[in-house]
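Down below is the structure, laid out as structure tokens.
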């Protein structure tokens, strides 16, 4: 708690004014970009009709009953975003307090790094959701519960669908149009991609940036294992809820992990961290202070 209080007290000082102005301008630009991506996401999520796929009459993989989500979308988003933001905030605030004696403008540096980490995570998550939605709509793969909610006319009483015939000319007689549309968005698994993106980013951050946690020995590993366990349970739940085929989940996991690795290193967090240290050391104030120190040493000699 003292580390966080010290962090905020440093933020209030005048030395952070320029940094906060820069963050404000960046924030406004990012908000505009965010809303543009949100429009893209909502367009593919609600208004663009998925590619219509046919099915084999004897396909048992799409005959499962419809079940509600074990992990709801809202629960998924909350447990994906909140832990990452909290661990980034705690890690950077603690690191700032630990190193405040080595650099006068430590808080400025760590505010920048904190926002960069959070920004990379949220930016990656937004782009991941857009990417997944575009693929889902383009692929149009039928979910395991497709026939249960679609109720195609060719399978009803006196229907003509039998054997290995591939049917493309059919009409869904189900009444829930939104659910029928959702039943054509099986590939890839969005839940799996998002959960593993969040878990992988969380694990990488603890491993590379939250160094203050290392003094607790097994606790960081326990946090990482918990994140992996929650992500794995979320992915597996999509299979036993009959919302995805196993290969949909596998591809979703691969996409999520790939995005996490890329966006953890987006703008090179570690490189910018080191570069910021160099910039601070080479600033005019630092150089003047170093020169004065050298001059005093020479006079004393």
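Cβ from N, Cα, C; glycine included.
A TrEMBL annotation is a machine prediction, not a hand-curated record.
From the options 185-205, 269-289, the stretch TrEMBL describes as transmembrane segment is 185-205. When the ranges 71-93, 140-162 are checked against TrEMBL, the one recorded as transmembrane segment is 71-93. Of the listed segments 5-26, 27-48, TrEMBL assigns transmembrane segment to 27-48. Checking TrEMBL for transmembrane segment across the ranges 51-68, 249-266 points to 249-266. A Cβ distance under 8 Å defines the sequence-distant neighbours of the transmembrane segment (217-237), meaning residues of its chain 6+ beyond its ends; these are 69-71, 76, 79, 83, 87, 189, 191-192, 195-196, 198-200, 202-203, 206-207, 210, 249, 252-253. Note on the domain 'Phosphatidic acid phosphatase type 2/haloperoxidase' (118-264): mean pLDDT across this stretch is 92.
With Cβ pairs under 8 Å as the measure, the transmembrane segment (71-93) is packed most heavily against 185-205, out of 27-48, 185-205, 249-266.
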